[in-house]
Number of protein chains: 2
Amino acid sequence: MCSLPNESFSIELQQLDADDVSGRNQRTQWLLNSPAPPSFCNELINSVTETVLPQKKNNFSSNSKQYGGGAVLSFLQGLFPILGWGRNYKANMFKHDLLAGLTLASLCIPQSIGYANLANLAPQYGLYTSVVPPLIYAVMGSSRELAIGPVAVVSLLLSAMITEIVDPAVDPIAYTSLVFTVTFFAGTFQAAFGLLRLGFLVDFLSHAAIVGFMGGAAIVIGLQQLKGLIGINHFTTKTDVVSVLKAVFTSFHNETLSPLNFVLGCSFLIFILATRFIGKRNKKLFWLPAIAPLLSVILSTLMVYLTKADRHGVKIVKHFKGGLNPSSVHQLQFNGAHLGEVAKIGLICALVALTEAIAVGRSFASMKGYHLDGNKEMVAMGFMNIVGSLSSCYTATGSFSRTAVNFSAGCETVVSNIVMAITVFISLELLTKLLYYTPLAILASVILSALPGLIDINEAYHIWKVDKMDFLVCIGAFFGVLFVSVEIGLLVAVSISFARIILDTIRASTEVQGRLPGTTDTFCDITQYPGATTTSGILIIRINSGSLCFANATSIRERMLKLVTEANDSEENTKDNVHFLVLDVSNVMNLDTSGIAVLEELHRELVSRTIQLAIGNPRLRVINKMKTAKCFEKLGKGWIFLTIGDAIDACLSLKIADPSSINC
Amino acid sequence: MCSLPNESFSIELQQLDADDVSGRNQRTQWLLNSPAPPSFCNELINSVTETVLPQKKNNFSSNSKQYGGGAVLSFLQGLFPILGWGRNYKANMFKHDLLAGLTLASLCIPQSIGYANLANLAPQYGLYTSVVPPLIYAVMGSSRELAIGPVAVVSLLLSAMITEIVDPAVDPIAYTSLVFTVTFFAGTFQAAFGLLRLGFLVDFLSHAAIVGFMGGAAIVIGLQQLKGLIGINHFTTKTDVVSVLKAVFTSFHNETLSPLNFVLGCSFLIFILATRFIGKRNKKLFWLPAIAPLLSVILSTLMVYLTKADRHGVKIVKHFKGGLNPSSVHQLQFNGAHLGEVAKIGLICALVALTEAIAVGRSFASMKGYHLDGNKEMVAMGFMNIVGSLSSCYTATGSFSRTAVNFSAGCETVVSNIVMAITVFISLELLTKLLYYTPLAILASVILSALPGLIDINEAYHIWKVDKMDFLVCIGAFFGVLFVSVEIGLLVAVSISFARIILDTIRASTEVQGRLPGTTDTFCDITQYPGATTTSGILIIRINSGSLCFANATSIRERMLKLVTEANDSEENTKDNVHFLVLDVSNVMNLDTSGIAVLEELHRELVSRTIQLAIGNPRLRVINKMKTAKCFEKLGKGWIFLTIGDAIDACLSLKIADPSSINC
C-alpha cells in the first residue's frame, strides 16, 4: 500500500476522488444536519402521553368507518366490543356457541368446585366465580375463545398467600372476606394497568418464566390434592414439596385413613384420563373428555349416596349453599392491619392472572388471525374482578384448559361464555342439593386430571436447546415454586430475567469488520463471514451493544486498544501498522456521559499512538448527544461519516495524498 | 409499479437479475453457513477463562521481548512493575521525584491528621496510613502519579458506618480494632477482585454517580468540620444534613463555645484559599498552595503554644503518639458478632476506594498517554491495604487533590510516593511532640480547603445538558448522601443506573428505513435522513434494540403491525398496499425464546394479511439461535438475506415476475 501510484493514474484517481469526495461530504452534511432533538420538556410530555393516553386513531379508525358512528359510539365500542360484533351476530353462530357453552359448563362445574376447594373456600364460591365474571367479560372483552372462571394457579396463589395471614380452618369467615378484598385489589390493579396503558408489565413474566412457574405450580397443586385423594384431616398450610410430603407421611403414621377415598379417586382419575386419550385419538369425540369430569362427579355422588359410603370414611363436600351470587360488598375490609399485605397479594394475583389470560388469549387470537389489545383486555379483566369481588366471586381469569375445550368445541364468539354462565347459574339454583354427597376424592381427581396440561417438558427442552439463560429463568421459577413458595418462584424468575438484560449490556463485545467480497459498501464481522477482506492499515471495529454506557464503556475501550495492539503485532513484519481506526457505532442506540468520556479518552490514546479515529454511522440520538457534549469538536468534525465505506474512502485518500503524515 | 415492463426490457432485466440472483444467493449461503456456535460447555469454559485468567500474552508480551526474561521474570514484572521501570531509573528523574515527594509530604501531613480526625481516629493513624501503603504501592502499582494515603470520602464512610456498630466516644479501642478489621476486609476484597479479574465492578459507579456522590460527600464532610471549627463538644454520630444542623443549633444553645476556635480556623482557611488563588494565577508558584496547609499548622501551633490559647477555650489535638507504625495484627477481630456487618462495610469501602483511585489514576495516565490495567491496580491496592491493616493503617487509596499536586510538582515515577512516605515517617519520629498544641480548628480548615475540588458544578451542568437520566443518577446520589446516608446515596445511584439499562431495553423502538439517495445499498432511518426514499409496496423496518427479548418483543411486534397499518392507510388511494415487510435485525445482538416466538407470530399475522416477511442481516448469535429453534423453516429459508439491498431486490424481482401473486 506504500508505493506511490504513477502520475496519470494519480490524476485519474483525483478526478474519481473529486466525485467521491463531494458525495461523501454531502452525506456527512446530512449526518451532521440531522433533525434537532426535541427539548427535554417535549420529550417528557411525549413519553408520558404515549404511555398513558390511548391511541384512539389507530384503535378505532376501522370501527368508526364501518359503522359511521360518532366519537361517543367509537368510545363505547372501544369499551364494550359487544356493541361492534353484536350487530352481525347470526343464528348459526349461536348454534356453535350454544354447543361450546354447554360443553364448557360441563367441564367448568366440577373444576370450579375443585378450585374453590384448592383455594380453601366453600364449593359454591367456585360456581359463583363461573357466573358473574364470564358475563362481565362477555360485554367488555375482545377475545372470542377465552373461557373465564376460576383457575388452578390463582387458586393456589390465594390459598398459599392468604393462609399466612388468616388460617381458614380457624376463621373461615375472615379468610373469605380477605379473599374478596384481594380480588377487589386485583381487579383495581388490572383496570388501572389497562387504563394507564401499562400492558407491558405482563411481559415481565417471560415465556420461559411462565413455563417453569406453571410446571412448578402444577406439581404443587398436585401435591395439595393428596389431602383429598387420601382423605387426610390434618394437612399443612405451606405449599413447598418438603412440607407437604412431611405432612403426608405424618398423616400416614398418626391418622386412620380410609382406603376407599383413594380407590374412588384413582378409579375416576383413570376414567377421565382414558376419555382424554380417546378424545385425542378421535377428534370427533372431543366432547367426551370435556364431560367426563361432570360424569364422574354425578356417578360418584350417586354411588356414595346409594351405598352410604360417607359413613365408612369417604369424605364428602357436605356444605353447599345454592342460589344466586349473594352480595359481598360488606365483606370487603379496607381498614384491617394487613391492608398492605392484602394489596401486595392482590398485585401478584393481578399480574399472574393477566399473564395467564393474555398468553392464552393471544395464542388463540393469533391462530384465528386477529389481534388482541393487551391494555383493553386488562380493563375488561379488571372490571370483571371488581364486580366479581362485590358478588361473592374470587379472582377469575382465562383458563388454559377450558379455553382449549371452548376452541375445539367450535365457539364463534364470547357468547359461549354467556351460555356457560347461565348453565352454571341454573345448576346453582337446582342441583346444589345433589352435590352434598360428592366425594372430595373426585374433586381431587378432576383437578389432577387438568394438571398434565400445565407441565410442558417439551417446551422446557426447547428452551434449554435455544437459550441457556432462558432455561435458567425457567428452572429458577420451577424450583423456587417447588421448594420455597409461589412468590419466591416468581421473584427468582423476574430477577434472573432482568439480571440477564444487565449482563448482556455489561458483556458487550467488539468485532472486527471486513468488506464483503463482491460488494462496495457492505461490511461484516470477519468471524461471521470468514470471506470478508480487511484493508491493511485500517482497522474497522463495530461495537456490539445497543448502549455504550458506564457498565461497558471501559471494557469496550480496552478491547479496542487490544485489537489495535494485536493488529499491529500481526503486521509487524510488513511494517504496515494500523493508521486508522474506523469505529462503527451503528448498533449503539444510546450513550451516556461515561460513553462520551470513553470515546474522547480513546481518541486521545489513539492520537498518542499516531492513529486517527473515524466514527461511522452514528444514530440520531447518538449524534444529538455528541453535539450537546461538543464531542465532534474534540474528535474532529471531518472524521464522522455516514457510512463505513465513506470512512474507508477518506482514510485511503489521505493515505495516498500524504503518505508521510502516516509515517509509512 | 404495477404496469408490466415491455418484453425486451424484461429480458434485459432477467439477465441482470441472473447475475444479481446468483450473487444474492451466494451471500445468503454465506449467511446460512456461518460458523457453528461453540457448544454450551465450551462457551461456559471460555467465558469463565476470559474473566478469571489473566491474559498473559497481551499484558507481558512487550515486556518479555524487551528484557528477554523467562516466564518467572515476566510474572514478577507483572506483579511488581518496579522491576520493569526500576532498571531505567535515572538521577535526573529522581531530582523531579524528590521535589514532588517533598511537596506532597507537606500537603499530606496536615491532611492525614485531619482525615484521621474525620474518621474518629487518633491523629497518628492518619500519618501511619501515609507511610506503609505508599511504600507497598510503589513496588506493586503501575500508576506514576497516584498519591496514596488516607482520603476524605473513605474516612467519612468509615466513621459513618462503623459508628453505627461501636461509638468511638464510648470505646475508642474497640472502634479502632473494627477500623483495622474493615481495612483488612477491604484489602482482601480489592485483591480478590483484581485476581479474579472483576475490574468491571468499579465501573458500576458511573461517572455521573461519582460526581453526585462526591458533591454530596463534600458537603457532608464540610458539615462535620463545623465541630472542630466551632469547637463543639457534643456532636451527632449521624452524617445527614438535618441531624448535623440540628446538633449544631443545639450546641449553640446549650454549650459555651469559644469564638477563638472559629476566628483561628477561618483566618487560616482564608490564608489557604488565598494561596490557592495565587497558585492558580501564577503556575510557577504551584508549591505555595501545596505547603500552605503545613505552614498554617506550624504557625497556628506556635501561636497557641506561645499564647497558651488552649487555656482560653481553643481545642487542641493533645494526644499524639509518635514513632514507627506499631503492629496491629492482634487487633483484627474475626469472631465478633458484627463480622457480617464489618465485611459489608469492607466491601463498600473497597469499591469506593477503588473507584476513586482508578478514576484518578486513569485520567492522569490518559494525559501522559499510558494505559492503566484496572485489575493489576486492584491487586496492588488490595495488598497495600492488607499490609496496612496489619501495621495500624486504615483504608488508603489514591487521593484526588494530592495526585493533582504530585502531577503539577512534576513527578516522574511512583518514587515521589516513597519520598513522601519517608518524610512522613521522619516527622512521625521527630515532630509529633510539637503537634500536641495544633488547634483542631486548623485541621478543620485544612479539610475544608480541600473540599471545593470535590464539588464539580460545571460537570453536573454538563451531565444535565447531555443526558437527563445520568443527571437523575447524579442528583440521586447527591441527595441520598446528603439527606439519608452515604450507603443509601451509593445504592440509589447504582439502582437508577441499572434501572436505566433495563428501561432502555423495555422502551426499544422500531424505525422505518429508506434508501439513501446516490447509494445502492445504504439504508437509513427516514426520520434521521428525511431525504431517504422508500420503495412503494415494501416496508423496511429496523429494530432499534440490542436485544429482542421478553421485555420488548411484544411491544416491538405491535409497533411493526401499527407501522404496516399506517403505511396501508396512507397508500390506500394508490391501491399499492404493503406486500413485503423487510425486517432489519442488524442491531439485534441477542434474542431469547420470547423473541423467537414473537418473530414466528409476526410471520403468521403478516401471512394472514398477505404480506411476506423478509429478514435482513441477522448477526451470528441470532442466526445460530434461529437455526436451533428451527425458525428458518417456519419463516421460509429463502427469505433470510445478508443485506437489506438483497432483500429488496428479491422482493422487487418477485413483484415483477409474478404480479398476480401480490394481488395487484
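In case you wondered, yes, glycine gets a Cβ from its N, Cα and C as well.
Whatever TrEMBL says is automated annotation, not expert-curated.
Listed in TrEMBL:
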TRANSMEM  A:67-86  transmembrane segment
TRANSMEM  A:146-166  transmembrane segment
TRANSMEM  A:172-193  transmembrane segment
TRANSMEM  A:200-223  transmembrane segment
TRANSMEM  A:260-278  transmembrane segment
TRANSMEM  A:285-306  transmembrane segment
TRANSMEM  A:345-365  transmembrane segment
TRANSMEM  A:403-427  transmembrane segment
TRANSMEM  A:434-455  transmembrane segment
TRANSMEM  A:475-499  transmembrane segment
DOMAIN    A:545-651  domain 'STAS'
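Beyond the transmembrane segment (A:345-365), the same-chain residues lying 6 or more positions past its ends with a Cβ under 8 Å from any Cβ of the stretch are 143-146, 151, 153-154, 157-158, 161-162, 181-190, 193, 201-202, 204-205, 210, 371-372, 374, 377-378, 381, 385, 395-400, 403, 407, 487, 490. Counting Cβ pairs under 8 Å that are 6 or more residues apart, the transmembrane segment (A:403-427) and the transmembrane segment (A:260-278) reach fewer than 3 and are not in contact. When Cβ distances are compared across the two stretches, the transmembrane segment (A:434-455) makes contact with the transmembrane segment (A:260-278), since 3 or more pairs at least 6 residues apart fall below 8 angstroms. When Cβ-Cβ distances below 8 Å are used as the criterion, the transmembrane segment (A:200-223) is approached by residues 118, 152-153, 156, 193, 239-241, 244-245, 351-352, 354-356, 358-359, 374, 378, 447-448, 451-452, 454-457, 459-460, 463, 467, 470-471, 473-482, 486, 489-490, 493-494, 497 of the same chain, each at least six residues removed from its ends. Across the domain 'STAS' (A:545-651), the prediction's mean pLDDT works out to 86.
Broken down by DSSP into helix, strand and coil, the domain 'STAS' (A:545-651) contains 59 helix, 16 strand, 32 coil.
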